[in-house]
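Pulled from Swiss-Prot, these are the listed features:
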{"type": "TRANSMEM", "residues": "8-28", "note": "transmembrane segment"}
{"type": "TRANSMEM", "residues": "44-64", "note": "transmembrane segment"}
{"type": "TRANSMEM", "residues": "76-96", "note": "transmembrane segment"}
{"type": "TRANSMEM", "residues": "142-162", "note": "transmembrane segment"}
{"type": "TRANSMEM", "residues": "184-204", "note": "transmembrane segment"}
{"type": "TRANSMEM", "residues": "222-242", "note": "transmembrane segment"}
{"type": "TRANSMEM", "residues": "326-346", "note": "transmembrane segment"}
{"type": "TRANSMEM", "residues": "352-372", "note": "transmembrane segment"}
Amino acid sequence: MKTSLFKSLYFQVLTAIAIGILLGHFYPEIGEQMKPLGDGFVKLIKMIIAPVIFCTVVTGIAGMESMKAVGRTGAVALLYFEIVSTIALIIGLIIVNVVQPGAGMNVDPTTLDAKAVAVYADQAKDQGIVAFIMDVIPASVIGAFASGNILQVLLFAVLFGFALHRLGSKGQLIFNVIESFSQVIFGIINMIMRLAPIGAFGAMAFTIGKYGVGTLVQLGQLIICFYITCILFVVLVLGSIAKATGFSIFKFIRYIREELLIVLGTSSSESALPRMLDKMEKLGCRKSVVGLVIPTGYSFNLDGTSIYLTMAAVFIAQATNSQMDIVHQITLLIVLLLSSKGAAGVTGSGFIVLAATLSAVGHLPVAGLALILGIDRFMSEARALTNLVGNGVATIVVAKWVKELDHKKLDDVLNNRAPDGKTHELSS
């Protein structure tokens with residue numbers, strides 16, 4: 001029993017995170033030097049994301065009987081994303097207005113260090129809807145894979161899958177090669193995941209060593225408010241959606257606990273993307289649905305980021321005593337419904353989109369970003385965890401709506417009645 005516990009990735013990552021926190025707190029200078037360990041692990045994961053998405057989407061689409069099903073899946077997924085992300089934005093807006101974590105700070109915007117957020121404000125100027133749509137189209141296929149742009153790779157994979165499907169029996173050889181290549185890629189993922197504890201340790205040691213617990217205490221009310229809101233969203237909103245779909249959100253969270261710990265350690269939801277593609281398929285969702293919903297969700301279904309954006313914007317308004325009446329808040333909500341979709345594939349995307357939103361709204365000081373710059377890193381864990389759970393739930397819901405979900409397999413796996421790889425007939 002003890003041997004199996006020590007070999008568990010869940011236990012190893014949890015232990016590594018704890019050691020990283022202790023090292024960063026008591027030996028901050030050494031903790032800061034651990035940054036390459038976390039960065040290296042995330043880079044290894046990002047290295048493999050593009051080929052994983054390509055193989056999963058191509059084999060999923062090419063193996064489908066009807067191409068109409070692909071279009072239906074995409075439309076249903078986008079509808080779900082828009083509804084749930086809107087709910088997340090509204091919940092964030094309500095909670096921050098009720099708790100008012102920024103009230104009483106009385107910060108003069110002219111005293112804030114605008115230089116500290118200048119880089120985010122500059123990048124925000126390019127984050128328009130048209131620019132976002134144009135960025136989905138790659139200048140070259142090789143460039144899409146080289147840059148690791150998820151949406152560009154996804155677009156090419158969908159087109160490739162459609163073309164391969166139209167070839168029929170002539171494309172069988174190519175299909176078999178890609179499927180075999182996919183097995184090799186997932187073998188590489190298994191090897192990389194053995195390094196997850198090292199990556200989690202390095203990332204956590206750096207975070208605590210660099211920013212310290214003092215930053216947490218200074219703006220702790222906003223952090224606590226944000227974490228509680230994310231928990232309520234997962235338990236109440238996603239939990240209700242899960243119950244209506246026929247599964248328990250708590251059993252699902254237990255099923256993806258290793259992926260959640262990896263995300264907690266690295267603060268990057270992308271670090272769990274390859275494993276999520278595999279685990280959602282093993283849970284009973286059709287490969288074509290998983291291949292479309294998970295990668296697209298990383299751009300259009302960022303529930304945690306949506307909550308963060310509304311709370312951060314209103315917090316800055318409260319702290320700087322900027323006017324935020326009902327009209328301003330509705331305007332903020334409408335702007336965020338559009339601007340939040342431009343966060344895909346951008347480093348520091350939350351901050352960039354927030355800067356773009358503050359600029360678009362007009363009456364909120366962009367320099368106010370400096371207030372939360374120091375604690376943003378501590379809130380990124382909750383954002384990433386909520387995003388991951390949200391995309392997992394979305395995959396199951398969409399699979400059910402388009403009748404591509406194996407209900408028996410879902411129930412068996414979540415209740416530990418069947419091994420992950422066992423298959424059943426699709427239910428209608």
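Placement of Cβ uses the backbone N, Cα and C atoms for every residue, glycine included.
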Please work out which recorded stretch in 184-204, 222-242, 352-372 has the most C-beta pairs separated by under 8 angstroms from the transmembrane segment (76-96)?
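It is 222-242, which has the most Cβ pairs under 8 Å.
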Determine which residues of the chain contact the transmembrane segment (8-28) at the Cβ level, with the cut-off under 8 Å and only residues 6 or more beyond its ends counted.
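The answer is 34, 193, 196-198, 200-210, 212-213, 257-258, 261-262, 264-265.
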List, by number or range, the same-chain residues at least 6 past the transmembrane segment (142-162) whose CB is under 8 A from its CB atoms?
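Contacts of the transmembrane segment (142-162) (Cβ under 8 Å, skipping residues fewer than 6 from its ends): 46-47, 49-51, 53-54, 57-62, 67, 70, 135-136, 291-292, 295-296, 298-299, 344-345.
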